[in-house]
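Worksheet: the structure to be examined is printed underneath.
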Amino acid sequence: MTQPDLTIYLAAPRGFCAGVDRAIKIVEMAIEKWGAPVYVRHEIVHNKFVVDSLRDKGAVFVEELDECPDDRPVIFSAHGVPKSVPAAATKREMVFVDATCPLVSKVHIEAERHYDNGLQMIMIGHAGHPETLGTMGQLPEGEVLLVETVADVAKVDVRDPSKLAFVTQTTLSVDDTIDIVAALRERFPAIVGPHKEDICYATTNRQEAVKAVAPDCDALLVVGAPNSSNSKRLVEVAAKNGCNYAQLVQRATEIDWRALDGIRTLGITAGASAPEVLVNEVIDAFRDRYNVTVQLIETAQENIEFKVPRVLRIPA
Ligand code: 10D
Ligand code: SF4
């Protein structure tokens, strides 16, 4: 039986960013240095395959520091932690390594600097997301106001409109954030903030690549986890940019073949926490059913790398 033809537009950049790569290396190197178990507060990155692989090597994942013993090392996830977390670990004299992405730490520093300059902080982010909790937790409780939407901007109750600053989560939708920042600047003309927002290079590049492929795709799959903010944003970007069927899949087993019936073109990308091995698994599943041609659509090249903390580095 001849298989139907399918052109796969493979978006690039996709998958692991420099912050994810570094965070995973930190866990691996910590296990190598201190032996198992090494505790990790929160999923090191939002991907079950990555977490399961590290668990097999000796990592123990917990949600709170209270769940860790005093005498084993603990790693803080790439999303960042409130200041209270390293403070509690220090008090308990624990060995800890902070795997917060340097681009998230940069936002923490920004928030603290504005606060020290006497400005009230507004954070644009998603309520309850660990990065938002971590960034808001750089300042005393109640000092950071959260806005999630343009509608929230109209409702936010500030102390003094002339003494305000804003920061953002790093994995937001670039286009949605433009609107929220514009609403903030309109309502509070004196507000201080980054030139545009704090969305990182990896989030921006992955969204741009999806924009380039989405209009030509009958369907688009994002390899990523349901708790991965940046991955979910890629699904939204595809849907908003002309692709009628955009879906998140963690593994090939999650592909809804019936929904894809009759497609001739398919976009594939992956969130910043999704390993390439899972992208290949998805492509192979299509090869089993279609006569596949893969076309790489590359909208940017990335060569950013972050160093791991000195405590883990093995001297040359
Ligand atoms: O949910 P998310 O997009 O913030 O995190 P994920 O672990 O999926 O990807 C890496 C992004 C980080 C650590 C936040 F910048
Ligand atoms: Fe860092 Fe951006 Fe990756 Fe988040 S998505 S870990 S901010 S590089």
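Cβ atoms here come from the backbone N, Cα and C positions, even for glycine.
If you check TrEMBL, you get these features:
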- Cys17, Cys101, Cys200: [4Fe-4S] cluster binding site (BINDING)
- His46, His79, His129, Thr170, Ser228, Ser229, Asn230, Ser273: (2E)-4-hydroxy-3-methylbut-2-enyl diphosphate binding site (BINDING)
- His46, His79, His129, Ser228, Ser229, Asn230, Ser273: dimethylallyl diphosphate binding site (BINDING)
- His46, His79, His129, Ser228, Ser229, Asn230, Ser273: isopentenyl diphosphate binding site (BINDING)
- Glu131: active site, proton donor (ACT_SITE)
Residues within 8 Å of the His46, His79, His129, Thr170, Ser228, Ser229, Asn230, Ser273 Cβ centre (excluding the (2E)-4-hydroxy-3-methylbut-2-enyl diphosphate site residues themselves): Val45, Pro130, Glu131, Thr171, Asn227, Ser231, Gly271, Ala272
Cβ-based isolation winner (fewest other Cβ atoms within 10 Å) among the binding-site residues Cys17, Cys200: Cys200
Of the recorded positions listed as Cys17, Cys101, Glu131, Cys200, the one whose CA lies nearest the CA of Ser228 ((2E)-4-hydroxy-3-methylbut-2-enyl diphosphate binding site): Glu131
From Cys17, Cys101, Cys200, the binding-site residues whose CA lies within 10 Å of that of Ser229 ((2E)-4-hydroxy-3-methylbut-2-enyl diphosphate binding site): none
Any further residue of that chain within 8 Å (Cβ to the Cβ centroid of Cys17, Cys101, Cys200) of the recorded [4Fe-4S] cluster site: Ala18, Gly19, Val20, Ala78, Leu103, Val104, Thr170, Tyr201, Ala202, Thr203, Ala272
Spatial neighbour of Ser273 ((2E)-4-hydroxy-3-methylbut-2-enyl diphosphate binding site) that is closest, considering only the recorded positions Cys17, Cys101, Glu131, Cys200 and their CA atoms: Cys17
Spatially closest candidate among His129, Glu131, Thr170, the listed recorded positions, to Cys17 ([4Fe-4S] cluster binding site) (Cα to Cα): Thr170
Neighbour tally for Cys101 ([4Fe-4S] cluster binding site), based on other Cβ positions within 10 Å of its Cβ: 26
Ser273 ((2E)-4-hydroxy-3-methylbut-2-enyl diphosphate binding site): tally of other CB atoms within 10 A of its CB: 32
